[in-house]
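Novice: Copied straight from TrEMBL:
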{"type": "TRANSMEM", "residues": "A:27-48", "note": "transmembrane segment"}
{"type": "TRANSMEM", "residues": "A:60-81", "note": "transmembrane segment"}
{"type": "TRANSMEM", "residues": "A:102-125", "note": "transmembrane segment"}
{"type": "TRANSMEM", "residues": "A:131-152", "note": "transmembrane segment"}
{"type": "TRANSMEM", "residues": "A:173-195", "note": "transmembrane segment"}
{"type": "TRANSMEM", "residues": "A:229-250", "note": "transmembrane segment"}
{"type": "TRANSMEM", "residues": "A:301-322", "note": "transmembrane segment"}
{"type": "TRANSMEM", "residues": "A:374-395", "note": "transmembrane segment"}
{"type": "TRANSMEM", "residues": "A:401-425", "note": "transmembrane segment"}
{"type": "TRANSMEM", "residues": "A:446-476", "note": "transmembrane segment"}
{"type": "TRANSMEM", "residues": "A:482-505", "note": "transmembrane segment"}
Amino acid sequence: MASEFLRLRLRQFANAGQLGTPQLVRVIIGVVYAAAMTVLLVLVLIGLRDAQPDTARTAVVLGGSVVLLGFFVVPLLFPVSDRMDPRAFSLFGFTPETVARGLLAASFLSVPAIAVTIVGLATVVTWSATVGTALLAVVGAAIGVVTCVLAGRVSLSISAFALATRRAREAGVVVGVLALVVLVPGLVLLVLGGGTEAGGALGALESVLGWTPLGAAWAVAADAANGQWVLAVLKLLIAGATLALLWLGWKGLVALMAVTPSQEESVREHSGLGWFARTPSTPTGAVAARVLTYWARDPRYYAQLVIVPVVPVIAILVFLFVGIPVEYTALLPVPVMCVFLGWVVHNDVAFDNTAIWLHVASGRLGLADRIGRTVPVVLIAIPLIGIGSFLSVLFADQLSALPAVLGASTCLVLTGIGIGSVFSARFPYAATRPGDGAFTQPQSPGATWALAPGFSLLGTVLLSTPSIVFGVLGVFADPEYAWVSLWTGVGVGVVVAMVGIVWGARIFDRRGPELLAAAQRS
Amino acid sequence: MVRDLDPDDIVLEISGLLKRFGSTTAVAGIDLRVPRGSFYGIVGPNGAGKTTTLSMATGLLRPDGGSISVLGHDVWRDPAGAKRLIGVLPDRLRLFDRLTGRQLLHYAGTLRGLDATAVAQRSDDLAAAFGLGDALGRLVSDYSAGMTKKIALASAMIHSPRLLVLDEPFESVDPVSAQNVVEILERYVAAGGTVVLSSHSMDMIQRVCDRVAIIVEGAVPAQGTVDEVREGGTLEQRFLSLTGEHRNAEGLEWLLSSSD
């Protein structure tokens, strides 16, 4: 029976040739990327054969855990339509077991599954020092690969089934963006830490992950190669149990989906207000809900957020290259991200294009408009500063610098909000139009296009200078200054944000028609 | 249909309205008086200044001269007071179309200061009246052109304005929906509301409006009740006589040369 599912899957592959050109290009880019990554990883794994067994273990177990986590998490965060949905087979009279088995077999015919299979097999080469470890590596890799594919399959169905509602999908995307914004600096710090302490932190992480379902399968041969045969057997049991439980869960999910009607329509009707139901029903709350909805639904806003984690990563690589030690560079990512996070409001009005007429026609909405637009930034900034600052000082191993990082970051976000609130009302410049590709460059007449982004960024940094200077003194001279940095930063930030919002609101009320006229020109 | 109206009870008064774009004068001193309870049509050829006039009347475009007042509130000196009384349907401006229909209605209502309960109640009523009930859960960007007009019109009415200013409300609306919209507007007028709308369709204006103004090249050569303006003929005949002689298809002889 499984052969029928496989044939159907092959048919879908063959039909890819009939896609439109843009989709085909995307498919080809995906395949080429996957092939390149596969080759790279295989080469790395072959190279690890001659490395220290302990180093090889750390790399394989951590890498394998990340891959398995990716298989499970990516479909949840970035839902795609499932072309092999179990519900599509519910009318053919198969038993759930048959469908579950057939779909699992068909799942191996996908680009990520093929890639992980090849990479998984390459781990056998890594552990091929002795016949025993090689055999264990075959078993471990087989379990690991099947677990990955099955996890991806289960997660795809969960995202199609449980996250079918718009609200759930929106929440998923918000979590995804938050995770990106918070995780990227975390990972960078992790790599930095690993680089200096020769895998100390990574090794510790590996020894934990090896005991979890994520890493157990990859740790089997690794432990054996390090001479720890008892641990290897225990981890083999954990990996086997993980796979068995996942398989039972998959069978149950198929059976459940077959008899559960799609809940999309009814839920959508009840929850039709989305963010609007969760914010106060005042003009300010409505603007906040609208902006949150757009941040979650409109790719132009993510495109704008991409810069937030990218700049600090580049900055830190440069600093490391010129030889600044980690205990200082680790303090940088959070403040640098805060500069760009606060800055994203500086052209927010232009993103609305001519739809801004609704705000102009509704009366004096300036204050509500200004405050509402800052809400998503604040919602991202709070976890970013809160968690990010802690991680920073932990990795820099300078707990006394915590107030400085908190102060400078808070100051940068708040002054960014204050200055941005004035700039977006006074100097809007052409932004990507609604519905255009998120990375399309807009036509940009006028000089404000060149000046507004630069000046708003410069102003943010200048106003935050006192807090930054005290922060630097706190790190290099006397930790007491770190506290001065915190109080200066919070004080300046709050004042600038409030003044900026009130001033921006007055400009918005006065120049509403001119804002609309500017939008009509772009 | 001419309703009995008090000619001195003016809802929208425009006097000496002026707007220039660079060297061209789009609106050259327009005067309009719209009495309470009227169904007022504005007609004119393309580029005559209809949209410019209505944008200035609703506070969306700053005039270069003249004054506009709505029930005594000057639109440009007391914008908050005037805008509270006006419902607007602009032409060719975007909506926040990444919202669902329900969210857009909620947004429009809440921005106007309504509370959640009132918005929910009125959204349901408006959706039922406009036949949008099934579509409220979908994104406005997925709507057809006609449905987009209807959701925009519903958003313009949700705060129960005293004056509705509608720019081309029937454009790209199918005849059945147009009739549905006309009935809703007639009920609104019968209950004491005032409608000002612009349209290309003379037939539509003649059928549904009781008062009409013709705009040609930024001026108003004729206004009054439909009967006064059409002077015995049809509105279209009067319109053509005011916009200059009917242009023949001269110079297009080659188009007709199917004989050779």
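Every residue gets a Cβ built from N, Cα and C, even glycine.
For each listed feature, how buried is it and what is near it?
Specialist: Distant neighbours of the transmembrane segment (A:102-125): 1-2, 4-6, 8-10, 13, 30-31, 34-35, 37-38, 41-42, 45-46, 49, 60, 64, 67, 71, 84, 86, 89, 94, 134, 137-138, 140-142, 144-145, 148-150, 152-153, 218, 221, 250, 254; these residues of the same chain sit at least 6 beyond its ends, with a Cβ under 8 Å from one of its Cβ atoms.
Outside the transmembrane segment (A:229-250), and at least 6 residues removed from its termini, the chain residues within Cβ reach (under 8 Å) are 100, 104, 136, 139-140, 143-144, 146-147, 150-151, 153-154, 157, 210-213, 216-217, 219-221, 223.
With a cut-off of 8 Å between Cβ atoms, the residues of this chain six or more beyond the transmembrane segment (A:446-476) that come close are 328, 331, 335, 339, 342-343, 346-347, 398, 400-401, 403-405, 407-408, 411-412, 415-416, 418-420, 423, 427-430, 482-486, 488-489, 492-493, 496.
For the transmembrane segment (A:482-505), the residues of the chain that approach it from at least six positions outside its boundaries are 366-367, 369-371, 374, 400-404, 406-415, 417-422, 424-426, 463-464, 466-471, 473-475, judged by C-beta separation under 8 angstroms.
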Novice: Taking A:27-48, A:131-152, A:301-322, A:401-425 as candidates, which has the most Cβ pairs under 8 Å with the transmembrane segment (A:374-395)?
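Specialist: Maximum Cβ contact count belongs to A:401-425.
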Novice: How about long-range neighbours of the transmembrane segment (A:131-152): same chain, 6 or more residues beyond its ends, C-beta under 8 Å?
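Specialist: The answer is 64, 67-68, 71-72, 74-75, 104, 107-108, 112-113, 116-117, 120-121, 123-124, 213, 217-221, 224-225, 232, 236, 239-240, 242-243, 246-247, 250.
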